[in-house]
Amino acid sequence: MAKQTPPRKVSALSLHGLVMPVARRFWLVMAIIALVTAASAYGLSLLVTENDLMYMMPEQNQAKIDFLDAEEDFGDSVGIVVAFGAPGGIYQGDFLRRVEDLSRQALQLNTRLLAQKLRAAVALSEDQSLMVAAWLQSLASDPSFEPADFGQMLADQDATAEGLSDFAPPFLRVDDPEELARATAEILARNAGKAAAILAVAQQTTDRRGKEKSRWVDRVVGLTQTESAWPEFVDRQPLLELLAGWGVASSPGLAALLDSALERGVSDPAALAALLADKDGLVRDGASPEAVEALAAALSPERAQALLAAMRQAPKQIRVAKMIDLDGKATPEAAQSRRLELRLKSWSFFKGALRAADDKSTLLLIQTAPNLTKESREELLVMVKQLIERDFGETDYGVYLAGESIVDHQISQYMASDIARLLPIVVAVVAIFLYFSLRGLAGVIYPLATVLLSTLWCLGFMGFVGLPVSIVGTVLPVLLVAVGSAYGIHFVHYFNMMRNNGLSREEVVRRAIDTTGLGVLIAGLTTVAGFGSLGANDIIALRDFGLAIAVGVALALLTSLYMIPALLIKFGAGKKPARPADAGNEGGGGLFIRLSDFCLRRPWWIAGFFAAVLLASGVGLSRLTVEMNNMNFFEPDAKLRQDNDFINQHLAGTVGLRAVFDTGRDNGALDPELLGVLERLAQDIPADNPEVGKVISVVDLIKKMNQAFHYNDPAHYRLPRPEDLEGARDAQALLGQYVFYVDKFGLADRRAFIDQQKRVAVLSIQVKTASSSVSSRINNYIAEKLAGPLGETLRQKGVKVRVTGIGALYKEASDLLIRGQMWSVASSMAIVLVLVALAMRSMGHGLLSILPLSVTIIFNFGLMGFLGIALDPGTAITACVAVGIGVDYSIHYLNRYRLCRQQGMDHFAAANETAQGSGKAIVINAVAVAAGFLVLTFSSFVPLFNLGILIALTMILTALGSLTLVPALLTIANRKRGSGRPAAEPATKGVTA
């Protein structure tokens, strides 16, 4: 047996001198806990959730600023996407009626949402609140309106009634709006004292930058609301007279036939003959069978030429209007549905955007006011879902929702469900483990009370300081329960071992603090450091999570250091377990002795094995991808993901990118050379990037207008050329033609593609995936294209190009995630290294403490690469969790080894004694934490499921590394110093320190 020398007294940093004066005052401790708990309960009521991608990024991030600017300049690009599946086709009268009703109702939501808020401020009926809301909206747009005079306005009932009546919305459900206005004015006059409050409701901002007041919906894009351009006859009389001379009688059916020929772009005799041969199609257009037959019989080749010439010369106008105007009809007529079909199919602009290739699904886009806040998006989404349920709830039509608002809403619901489900499970798992480990209710109640209180306090702290809970924050309660319970375990375990030895409870607690306090303190501080390193992350969700969990762990540490000793002094630990928790240590220790012996005899084998693991992990690490894709948060069978997949499969896609070309000069966006570049990119981008569903720009508007001005001839669906012009045919004249064509479209129709001064042009790209890697590839593709010959002219003219959109934000978040992950891991490892080195007064021990951890982290990332698990906000915290928690095992090993060497044991005896004394505790601790994290496999989120598996694996592997790699490296280091016995010498049986 190795000679023992008295151990050097370890004061545990005089920890008992800090703890005991407080812990022995039980009621003081309880009073402090009660006060903090009450305050935290209030803070809990202030807690909010936040999942928006915009929240994840710093306010001064340039990609975020570019996105917000583009949303303001060119309109919302991340609104509410509603797709419909119509098995019988999208041109059915019943289906179009429902789409039109939903569209009209959606356009009314600005008034309806404001009215809903007004009813909370003043006792008004629904119709009265709608009337007041419409009036307030009119006042907001009146430059002469003075808010200070609003109270006086309300007091004047007659004037108020007149204003209410003048601006009464058309969708009121009353027979006499004037009578309603008078009754409403009377109520407002009685509430004139609330004028400021009423006006404040109307002036609430709904957007992030405070520019939109009580505005949620910008416009609705759908089958019955979207405009197109086509030519139409102003006067058909010359044509009818010509045909009458050929014996074709004038009739409404003949007029419809001529309209159809013009709109279909019939420009030569062959096309006219083909049109007349499609008798059924013409009848569906509204032509009569008699007119079709009569004209076909009367036409000869010469007459066909004469008719076409007359059609070209007949007075015409270009109409830019809705493709179908129901005029309040309950159901569209067959001819109207047919016209809609023809107009949709005649412009490739709509393919994928409004109609699927098979015409059995369509899209309704509710474009919101730019940059709506989360609260405003939630308010709008609730109303939209109610409208959809009313119009489509009991039909056979499929309804599919997409958009960032939908994703954020679903994530919030899943988060609430996860917290409610996972917290009881992890508490039960830890309670069972504590009971079987410590063999007593005190061993269960004291540590659990500690972590539950610290969890409540942490969440209350987040509420007070305004840290929202994100999807990553869902892990917080589970993590605190799984990790924080370990601190109390040490005190209860030591108390059970030392009591009934004739010592008072207070003395036993004091010794427990002296013996275990330093280890608990170091373990807690390293965990705080591991999570605190996330505080420098540029991903706000990870930064907030890191700060919150660091505070939570610190609170769990403080509570363990003060509340558990106070409880032990006051109540003890109940009946002493019949079999101490370490009673089986001797038997179990043999396994760890044999493992230690193997590592001591063959240290280079162990080192070589871990080196091979590192090499293999390096291969997997090279395959690791970084991905920001909210859709990957959900299982493939989740309704949200299925909806998203449906839209991406049948339509152009749910994710938008914008390539913004800023020329810096008025009308510069219509420079023919720039338009040529846009046209070329619109062809090349989808050809070389299969995930792209559609690319459109102002070029498409110009082409369509050019076609309309050339009798809708498909051959003229192109950019005008100088030879097409009448008069001057130079570049300035061509530019003037482009300006004229663009101005024919309304501001709302062209806003997404060009600004009012025509200085900036936008290339709109629809992508069928939210994958950040795909967005990055497309961004790089555009940059490479413009860096080559295609962009030479733009470079010479100083055109500035930037890519933005929600897809670009995913790309930027992915880049931030990579940089943040590298910094967090490096800084947390450095902090842990310094803490351990200072506590153990050995830089060598500090390095040894992080080596098993480093190997495990690299292995984890390599495994993720091999399994195709992407690095995302969920899995990104794996390394920091590993550093904060996993390092505890090597710390426990090294601390026990150091104490054994201080007692005079040689290296081999100290290593085996450490294996026997701490091996089982390390494994049990690792298994307990792993079991706690495996609770995350019950999460609704795929990243958290992966996180649970990865952290559990990390805990087991780090514990294994601490029991194998650390003794092997210690042996190699001792050999180099010439100390210790040869590897072949039998191991000394461990002794009890």
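For all residues, glycine too, the Cβ spot is worked out from N, Cα and C.
Cross-referencing 256-275, 296-315, 516-535, 736-755 with TrEMBL places the feature transmembrane segment at 516-535. For the transmembrane segment (822-840), the list of distant contacts is 518, 522, 525-526, 529-530, 532-534, 536-537, 542, 546, 846-847, 849-850, 853-854, 857, 879-880, 883-884, 887, 891, 894-895, 898: same-chain residues at least six beyond its ends, Cβ to Cβ under 8 Å. A contact links the transmembrane segment (604-624) to the transmembrane segment (847-870), because at least 3 Cβ pairs that are 6 or more residues apart lie under 8 A. Between the transmembrane segment (876-895) and the listed ranges 26-48, 419-438, 847-870, the one holding the most Cβ pairs under 8 Å is 847-870. Sequence-distant contacts of the transmembrane segment (26-48), counting only residues of its own chain at least 6 positions beyond either end whose CB sits under 8 Å from a CB of the stretch, comprise 453, 456-457, 459-464, 466, 468-469, 559, 562-563, 566-567, 569-570.
Looking at the domain 'SSD' (448-570) alone, the prediction's average pLDDT is 85. Across the domain 'SSD' (448-570), DSSP assigns 108 helix, 1 strand, 14 coil. Across the domain 'SSD' (846-972), DSSP helix (H, G, I), strand (E, B) and coil residues number 113 helix, 1 strand, 13 coil.
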